[in-house]
Amino acid sequence: MAEVLVLVDHLDGEVKKVTHELLTAARAIGEPSAVVVGAPGDAAKLKESLASYGAAKVYVAESEDAAAYLVTPKVDVLAALVEAKSPAAVLVAAGAEGKEVSGRLAARIGGALLVDAVGVETSGDEVVVTKSVFGGAFVVKTKALKGLPVISVRPGGLEAEPAQGAAAEEAVEVPAVDSAKATRITGREPVVGGDRPELTEASVVVSGGRGVGSAESFEVVEKLADALGAAVGASRAAVDSGYYPPQFQVGQTGKTVSPQLYIALGISGAIQHRAGMQTSKTIIAVNKDPEAPIFEIADYGVVGDLFKVAPQLTEEALKRKG
Amino acid sequence: MPNIVVLVKQVPDTYSERRLNDGDHTLDRDSADAVLDEINERAVEEALQIKEAHDGEVTVLCLGPDRATDAIRKALSMGADKAIHVLDDAVHGSDMLQTAKILAAAIGTVEDVDLVIAGNEASDGSGGAIPAMLAELLGYPQLTHAREVTIDGTAVKVTRETEEGLTHLEASLPAVVSVAEKINEPRYPSFKGIMAAKKKPVETLGIDDLGLDAGDVGLDSAWSTVLEAAPKPPREAGQRVEDDGEGGARIAEYLVAQKLI
């Protein structure tokens, strides 16, 4: 079976959930080979998790430089592997960095860039990618016409399924860095989201809007999120009013999320917000205004006061958690 | 005295309904109001702030149809010095790689470029990779998703903000910088600026002028193709109930029935 390269998205010795989704997608078109680019010792911590989602091979590209420069070491390693292994496709996560890695790789090797996939399949011997554009308003199927398909896959866009893989390790070299063309990382300040999952990675997102009314009242959103193990999001109106920090904004100018469950509290559902969340599997809305457009796309809506409904739901969720 | 090229793009207003053409699945640019993409206003603003601190010159570069002139004029009226408009029917339907190649060639027509500034992601295509691809093609370092940019002699420092948090970056000029949402608040063009913009030079270049072959750009020679495109069936509104004091419990029941909790 054809080999498919999967760039492993990892942080602090842990594989991100999207990597499992990538390995699952890769299995639909061939045999996944995980590519770990990182500091010495990173791959050893990730191997077990990669094996449990079907990685047949793990290419280990470790060096101090690999972790100390932005984007280009990953592109260098993938380009060398493409040359050496002639894979059927390359898959990366469609986060900020993954989009850049895939774009540069396609530019370097003359590959066909297919971005933000929510589905990957084969048709004959061709790879066909499904994506949603304009915030989910259109569903588009694309394929490569020439060159190797380089595909970025939207986190949460498809469901990860476990499968056992051999995860046979093979060391590969990290090409030397050209400092005139590379960007050095001089420091990192990871998001301090506490124990909550990352917004774009979370299976459940609870968001608050203008209806929450103040920064202090956002506690009601956070409590429900914590009861459900969810990430917290906010509408642009809530962010612009200073209720919640901008990195949690969901919508056209913020993050695009497609969790299993999205709960909108006090969000009217302007088109810009819907663009960032309407591909969620199940949408629940609570709003005082029965005419709020969010109800047009909600699977279940409650017209009422979020300060009464959300705490009750929080309590019910906690009861069921035991 | 940094010589700065700012990329701007005209996009369909996100407040209007955006569509794809039935025939070739390209963006239906006539169906929606066209505006200068909001993130590009921030790119222009950042270029102007760097110019004000270090002198230099700001050139606006735009690839787009005839009416993209409006977006160029807006950037000039904010204070950019001159503009290049790459205008060629052959470009229609170009994919990201072709677009990046055209932009890289156009940047090559500007002498002694120190800094290329772009928005991090356009609101229509949302590819989020053009600045990185330009860096690849130009052989420049990329400092992307910036919320802060500092020029220090021949070095550029950027605070990058992504879903992973902040990363501090450093590289040497010339470089490609892309700006993120929080970098600045773009200025409004003044009346004087609007009047002055009418006299500023706008150079129009075709694909031939860039040393590219028209056969290598556009829909027919794209690396990828759209097999089908369909408007997603609108989400059906589901159940809606009035809160009778048990609204939260009802949601919980619904979620249990859907096996979500």
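The backbone N, Cα and C atoms fix where each Cβ goes, and this holds for glycine too.
Non-local contacts of A:GLN249 (FAD binding site) by the CB criterion (under 8 A, 6+ apart in sequence, same chain) comprise A:GLY233, A:ALA234, A:SER235, A:ARG236, A:VAL239, A:LYS255. Here TrEMBL flags A:ARG210, A:235-236, A:249-253, A:266-273, A:ASN287 as FAD binding site.
Summarising the annotation, TrEMBL assigns domain 'Electron transfer flavoprotein alpha/beta-subunit N-terminal' to A:4-189.
Cβ neighbours within 10 Å of A:ARG210 (FAD binding site), excluding its own Cβ and spanning all shown chains: 17.
Of the binding-site residues A:ILE267, A:ALA270, A:ILE267 has the largest number of other Cβ atoms within 10 Å of its own Cβ. In this set, none of the binding-site residues among A:ARG210, A:ILE267, A:ALA270 has a C-beta falling under 8 Å from a C-beta of chain B.
The secondary structure of A:HIS273 (FAD binding site), as reduced to three states from DSSP, is helical.
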